[in-house]
Amino acid sequence: MLAHTHRINKCLYGQNQMRNRHALLGALPPIFLLLLPLISCMKFDPERIAARLRIDEKWDQLDAFQSIKSRRGRQIQPKEISIQVTAPLFSSRLFDYGTTAGDEELPQALDVGKKLDLVHPISFFGSDYKTIYILSNGAVGFEASSRSYKSGILPSSTRFLAPFWNRNDLRNGGKVYYREVTKGRVLERGQSEIRYQYDKNVKVKSALIITWDKMQPLNTAALPEENTNTFQAAIFITANGTFANFIYSNIGWTQGAEAGFNAGDATNHFKLPTSGTPNIMYLEEYGNTGIPGEWMFELSELRVISCKSGIKGDTCDQECSNGEWGPDCAYCCHCSEGTCHPISGDCQRGCATCWDGVACQTRQEKCATKTQCASNALSFNDYDRCGEPIQRCQCLNGYKGDGYNNCEDVDECKTNSTICHKNAICTNTPGRYFCMCKEGFSGDGQNDCSQSFLFQYDTHHQLPRKKNSKMEWNLKKPLKIFGETTEKLTVTSTGLIAINEVNRDNGRLEDMQLVGIAPFFGPIDLSRNGAVSVEEVDDVEVLRRVTRTIGENYNDPTFVAKSALVVTFSNVTDGRQTKGNTFQALLIDGSNSKNEKMTFVELMYRDLPWASGAEAGILSSDASSSILLPASGTEAISQLSKNSNIKQPGTWLYRIDKAQLMPCAQPIQVPPYCDRLLSTAPRLPSKLLEEKKEGLTLPSPGAFLVDQPSETIVPTLVRGGGTVTRGRNVLTVTTSPIGNQQRQQTTKAVTRPRPNFSSTPHRPIVSLSDEDFELGPDAFEVTFPPFVTVQPELFRPNQRNGVQKSTQRPLPDFSIRTPLKEEATTSVPREKTSSAAPAHSPIEEMSENEESPFEAGSFDGEAVKFNEELEAIDKALQTTKKQRPELSVTPQPEDLSGDARVIETTEEDEEEAEISTETTTEMSSTTTTTKAHTTTTTMMIPTEAPPSIFVFTTTQKPRAQSTTQKRIIVQQPSIVVNSQPPKQRNDNQPTVNVGHAEEQSPRLAILLPVMIILAWLVILVCIGAVVCCKRRNSRESSQLRAMYGAAYGVRPTAYESKRKESTYEDHLERAARLSGQPALSGQQAGKVSLYGSYWNLEPLSNHSPARLSTQERQSPPSFVNNGYTNQTTRYTYAGHY
């Protein structure tokens, strides 16, 4: 039985294998076909069936082999299919437009609006309009005033239907076409679009087609066509309403464009996605119709509908959520189960409580009861998501509760301790709270309470509130006042802080013999109003504040305040005024780094509304140094709260530890306000007074130093002649005595009276009066480059013969900016860039018993001799002309920083220099000043900045012209000044003057560019030669590769044959030998090389010719970077060399 069953299973398996061999059985009845396998299995021999199965298996293997072979063939040479897909598959479809379509055109102007009367009116937000205006700025208006462009129209008070509201300039390019269609394919297409978008069967009566083609912006150059804007508005008028179809073909730029619908009530409007943003370009790529760039809208009476019932979203691609239904899912469900049909809004189980009617949208009157809110609550009507009114109650600010039952006050001061500033006081009131800064602090009380003008005094000791009250205060730390140590002070209500006994408290300060401080001495009556408080404090904040004030004004950062006595007069009056004065006086004790005990008084006036003849001052024990404050004793004393002596309005600071008081912090400041400095610079006198001329004395021969570039001349007064040590920047003249000793004795015997020209070393050369010192503090500001002052020395008259007569004795040139000084040795400061030089030149003075050469002889007898001496001196100075320096002008590159440079030349350059000044008879002080002017030219380029334009393609945005100032710096040539003493001039060498340097400048201006151009030409020629050589080598190499095949090139050799040199004939023999080997014939298929087979890095047995891929069999081997130079590398080759 098991054998029979096995036999039946094999028969069934054979039946499945032979289904393709018995096609004739398909025509037999189905029942016979099921019985036939069983019958055949019982009648036929199983061995024959097994043999048939083996044959069928062989056939199946053969079919599989052929199928695999077919796939391999397809893999070796696949069929290339090129598919070009453009995304998106659909694009916006503009209606036909232009003159060929029968359109009319707007004029080529700016802000154009064309009036058009329609056949059928447009329904827009519940109103019908038969007259519209076609606007060039990308909209359809319903009013004549809508043609003017203005931004922010959504929302606004003007009715618009705007596909793309933008400022277009038709004068710059672009056209606007429009036409009204009442029949034809346009109406049919509009009808089908409406039916597809809203599932409504409507009949289109007319259509208005408006096309804005290639719009250009305003105030810019014309953009390329791909950057222009092209869009269309198709308005379909039906019996069931108006539909608007916006079609965007190309959006290339925007200037804040907007798209949408505006009802004109400044509230109701509809904006397209990305309207008013730079992303408005995406209107071309998206749409709510399923086609990019096409948007369809239904203009109903109340609002604009974008999607059909059951759909919502900007692009109408979302279904309504639970509880929503209708177009744009704008309606809410009022069903008992909470959900309704998304299209019709039907409720399967009925409406919810208080709702009935179609789709449960009617609210019952019994549910419309008004709710009574609690006290301190606000009742208002709110709207839910569906726009339905809901009455709500809410507690007012400062109260908590539900608003319907109760609203309790919130105590913010208890619930939040940090709600006010730490220096403020919190006060709670019903529904509110207040933060008030403490006394002595000012601010909003919540975020800021900084220390006020006056120091805090609300906790200080107060004087009795009566007239003429006093208080004696014993100091915890004694104060040094007016040179004496004080331990007790008396404070009176009349505004006095006295050190001595106060005998009377009325009259004037000068009559009271008072020693102390009077911040505001007046008829103050505390019994009427105000208060006076006193306290000695050591608070850190107070001391830090006064320390900073004193350190900043007295230039002593080491001063530290240790204690302060604070006396405050708060809102004090004389009994007749309604508004009182408030001021404060601080006596500050401290010391500096030298442990010097210092005391200051700081008077601070906040409010001084009344005066009544009051006085203010500091009365020292030395009456001559007492200080009365400005306007003391007058009605103008109220100005103390606005003025100051430390540049802080209302604050006056004085140092009082010494008997001699100083009205200002610095001795060079001008009292009483100390807001400017004393002028110590002399004013140049217009002429020398007669009494001053008599005291003038000519200086003795000596050395005159070349001054440093600080615009200061410091003449040296020298008595007698001597040896002068020569140094750098010192012009030294060696002179012999004017007369011998015998001549001096002879001339001294003459008794005729004569003027005395002698002088003492301590007497100044020039005497100036007080009015000559009237220069401002900025008189010494250097506004030009430094200059060099050359002062030649005097020569004795017997140095050279042949003199020129001079009948007039010139006076020295006193063109200086600082007072003259007398000194035996003068230090000459040098600039950092100059070379090292002796700081001063020692000068030997004449002995006191030696007589000056100018004192010998009488006036009458020496008149002729004196003139001869002057002529001799003049002629002696003539000998220095060959040694006088010269100012050389060297053109320098333009200095963009605007700073002129002073360059010092060497001694060799000084030999060719000449001085341009003339020497005088006795002493000539000549100043040569050369200024390098810097001219700054400022040019303003007016530009008109166009509005910002967003261009959405690769076209670059036009650049706005810059409105910044352009500065052209014109720099004069720098001055080269000699810095070394001149040597003996060589007459054979030519003199180089300024004119010659100017002649050289044009030549250099031409020569330098020519040399630069020649250098560049040489570089270019070299580069061209290198490039040509490389191209020639590459061309020859390519010819060889074409002749000998792809295998031509550098070939690696085995290590064994490394030292053996082979020839071209050896390669030919090897090629002939290899060509006769049949084992390698398959590998040589398709080769064009004459050198045999390609070499491989692996044995030949691993690479069967039949299994090589196309790339392996056809691509030449790579000879790049295979380590050919490494002698230790060994290769295995498929070929035999």
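Counting begins at 1 with the first residue displayed.
Placement of Cβ uses the backbone N, Cα and C atoms for every residue, glycine included.
Sequence annotations record features per position, and here Swiss-Prot assigns compositional bias 'Acidic residues' to 906-915.
What Swiss-Prot records for Cys413-Cys426 (among others) is disulfide bond. Residues near Cys413 (disulfide bond) in space but far in sequence (CB under 8 A, at least 6 apart, same chain), listed by position: Ile419, Cys420, Cys426, Thr427, Asn428, Tyr433.
DSSP assigns Cys435 (disulfide bond) to a strand segment in the three-state reduction. If you look up Swiss-Prot, you'll see Cys420-Cys435 (among others) marked as disulfide bond, on the strength of sequence analysis.
Listed in sequence order, His421, Lys422, Asn423, Ala424, Cys437, Lys438, Phe441, Ser442, Gly443 are the same-chain residues six or more apart from Cys449 (disulfide bond) with CB atoms under 8 A from its CB. In this structure, Cys449 (disulfide bond) belongs to neither helix nor strand by DSSP; it is coil. Per Swiss-Prot, disulfide bond is recorded for Cys437-Cys449 (among others), and the stated evidence type is sequence analysis.
Residues or ranges marked as domain 'NIDO 1' in Swiss-Prot (evidence: sequence analysis): 163-302.
The feature domain 'EGF-like' is assigned by Swiss-Prot to 409-450.
According to Swiss-Prot, the domain 'NIDO 2' annotation covers 519-659.
The DSSP secondary structure for Asn240 (N-linked glycosylation site) is coil. The N-linked glycosylation site annotation in Swiss-Prot covers Asn240 (among others).
Reduced to three states, the DSSP call for Asn416 (N-linked glycosylation site) is coil. For Asn416 (N-linked glycosylation site), the Cβ neighbour count at a 10 Å cut-off comes to 12, with all displayed protein chains included. Sequence annotations record features per position, and here Swiss-Prot assigns N-linked glycosylation site to Asn416 (among others) based on sequence analysis.
Annotation note: Asn571 (N-linked glycosylation site) sits in a strand segment as assigned by DSSP. Every protein chain shown contributes to the tally, and the Cβ of Asn571 (N-linked glycosylation site) ends up with 12 other Cβ atoms within 10 Å. Residues annotated as N-linked glycosylation site in Swiss-Prot: Asn571 (among others).
Among the features that Swiss-Prot reports, N-linked glycosylation site is placed at Asn756 (among others), with the record citing sequence analysis.
The region 'Disordered' annotation in Swiss-Prot covers 738-765 (among others).
Positions annotated as region 'Disordered' by Swiss-Prot: 795-856 (among others).
What Swiss-Prot records for 878-897 (among others) is region 'Disordered'.
The region 'Disordered' feature in Swiss-Prot is assigned to 906-933 (among others).
The region 'Disordered' annotation in Swiss-Prot covers 978-998 (among others).
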Under 8 Å Cβ-Cβ from the domain 'EGF-like' (409-450), and at least six residues away from its ends along the same chain, one finds 376, 396-400, 456-458
Taking DSSP H, G, I as helix and E, B as strand, the topological domain 'Cytoplasmic' (1027-1037) contains 11 helix, 0 strand, 0 coil
Around the Cβ of Cys435 (disulfide bond), other Cβ atoms within 10 Å, all chains included, total 19
On average, residues of the domain 'NIDO 2' (519-659) score a pLDDT of 93
Quick note, Asn240 (N-linked glycosylation site): same-chain residues at least 6 apart with CB under 8 Å of its CB -> Lys200, Val202
